[in-house]
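The block underneath contains the structure these notes are about, expressed in structure tokens.
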Amino acid sequence: MGTTGYDNGQFWLMIDTDPVMTKIGAAGLAFVSACYLYVVIKMLRWQKTVLHLQQASQRHEEQRRADSAVDSWMRAASLRCKTQYVEFTSFRGNKRKFWNVCLKIFNLSMQMTVLLELLETGNPVALVYGYTAFISLGSLAGALKILIGKFSAMGEVVAGCPFDLFAAIVFPCLVLVYCFYNFQFDDAVFATYLEILPVGSFERSAAVFADPSEMALFRLAFDSLRIKSTLDLVLRVGINLSFCYRLKRIGDVLRPVPRVVAVFFIAFSVVVWMVTNQVIADSHAHCSHYPQCVVYAYRWKQGGVCPCRILIDVDRAPRTYDEWTNPVDVYSTVQALATAGELRSLQLINRQLLELPEELRACRQLSSLELIYTGIQKIPSWTKEFKYLQTLHLEGKVGSQNLLLLPDDLFNDMPWLSTIHIGIHPELSRIPSLSGVPNLQSVTLAWLLELRTLPSFDHVSRLQSLVLGLLPHLEQIPDMAPLKALSDFTLSLPIQLCCNGFRGKCDLTDDFCVQNSRSGIPAASCFKGEPFLGNAGTQEAFTRFDASICQKMSSDLLVVPGGPTKQTIEICDSKPFAQCEGPDGGVGICYNTRMQVLSCYGDENYIKLRRYQIQKDIGQKCDSVLEGWLGCRD
């Protein structure tokens, strides 16, 4: 996919499954691989050798039994069991057909379980119908073999192999192909962001740049291949062992034997189509009124409620003042789609949601909560009950009240939480303790004017990325020694600790350490404690990431009380990349920075960025009338 290096390897925001399940899954797949290897060797090179060894072992066993004067009842029982096993499984056995039917029913049971999982998780319809067609054809093929009755034992095994092959190998490959071709990411455009924009810029986050619906569908389809539970383990290993066993039988000695009835398989092939089509139709009827629900479970008779699993409602580039100040209120939509209690992901951008509806509390499996420019004012205490939460992104909106506080015990028991992003909440003065988030990998805190301290890092040893920006009151950082896995540490001015002596020297003459009433930045004061609080781990981290520590930002990226104003918005007249007069009276560009409303910015970086994209013919096609000043030509 080419996304390995994006966002420090955290582009897809996937965390590892339970370590024990990972080890068990690896052991199971290793066993399957060993079985495949044995079958391949037997079929290609050692078939005769293995057969001779088996025959010799059988003769030895028969001779041993003949030499025994007295057979115990245990030996007799063992012999009877072995005889029955041979009768069922051997190509010469008179019950071989019954054994084949049992194997087919076992395969169909596992495949049907996989199909039910695909329906429940709301996988793309193309994959669901494709898998349904495969199951139906496999069942019909079994019935056809029985009705024709002219297949040899070898023919029966070979005829069944393609369907086992599809379940074990082909379908997972098709899922990966689907993921690859249904996810689009403009690497060339994103590369220009990394090259031109300074460290700490919002646009340098690849996950923000990507289409959220495509990312959600990719993760959904890809997750269907991962072993995350005991059922997943049984299905993956069982289906592969079934295919492996059928391959093994191809290499055995073969004899034709009788047939059985095919009614069950014909009925099954019809029923599986009827069930799949009906549950998809029913769920579509309930959810078609909500285009914001991009993924929903396919269920029969849901009671008039849409079983929505992923809700995404975004406007990534508002263009008018009215769109910015009066966004669509989505409270009732979230309320309706949360009623079923099935939501796994909620992402809103430039929509109004001042508080979370009570119905969301029932969505205990919620894994992603992303509220960006929604004007959210309160996070209820029951949010701590989302124990499966993996991503929490709370981005306030300039000019709104935003959050005043977060529940003290919010992060006390969220073992799967991997990403925290909290920004543009000027009145938020405290971040809750991180004592219950052992899998935390990324923390971004920005535009928090009243934040003075950070919680301890003692319980987040897996943290890989720590980004702090526009925190003017932050005076110190706790001991960073526990952060052994840290690979990205960014401090963007204005932050008092960059100049107040926390790093060793107090320099209050720095432009970002003096009072800036326009930007709401207070004057800094010298830190009275020991540099780095005497923590060698913190000092080592500051030294190692010196290139990304205390980098100054453009004046347009500082905290401005009004943010985009009616004047700076309307001057652009909904024309992106047009030339305008910046807030400081200089030349500006109409730009949707940080997914905010199209507004006039005097930041030279954005002008340079668009000019570079036009020069390289990358990204959106330029308009020679609007962008002639940037070098665009017909």
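Any Cβ shown, glycine's included, is placed from N, Cα and C.
Residues annotated as domain 'WLGC' in TrEMBL: 567-633. Across the domain 'WLGC' (567-633), DSSP classifies residues as 23 helix, 11 strand, 33 coil.
The transmembrane segment annotation in TrEMBL covers 20-41 (among others).
Annotated transmembrane segment per TrEMBL: 128-148 (among others), in sequence order.
Per TrEMBL, transmembrane segment is recorded for 160-183 (among others).
Residues annotated as transmembrane segment in TrEMBL: 257-275 (among others).
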Distal contacts, the transmembrane segment (160-183) - CB-CB under 8 A, six or more residues away
1, 104, 107, 110-111, 114, 124, 126-127, 130-131, 134, 137-138, 141-142, 145, 214-215, 217-218, 221-222, 224-225, 239-240, 242-243, 246-247, 250
Mean of the pLDDT scores, which run from 0 to 100, over the domain 'WLGC' (567-633):
91
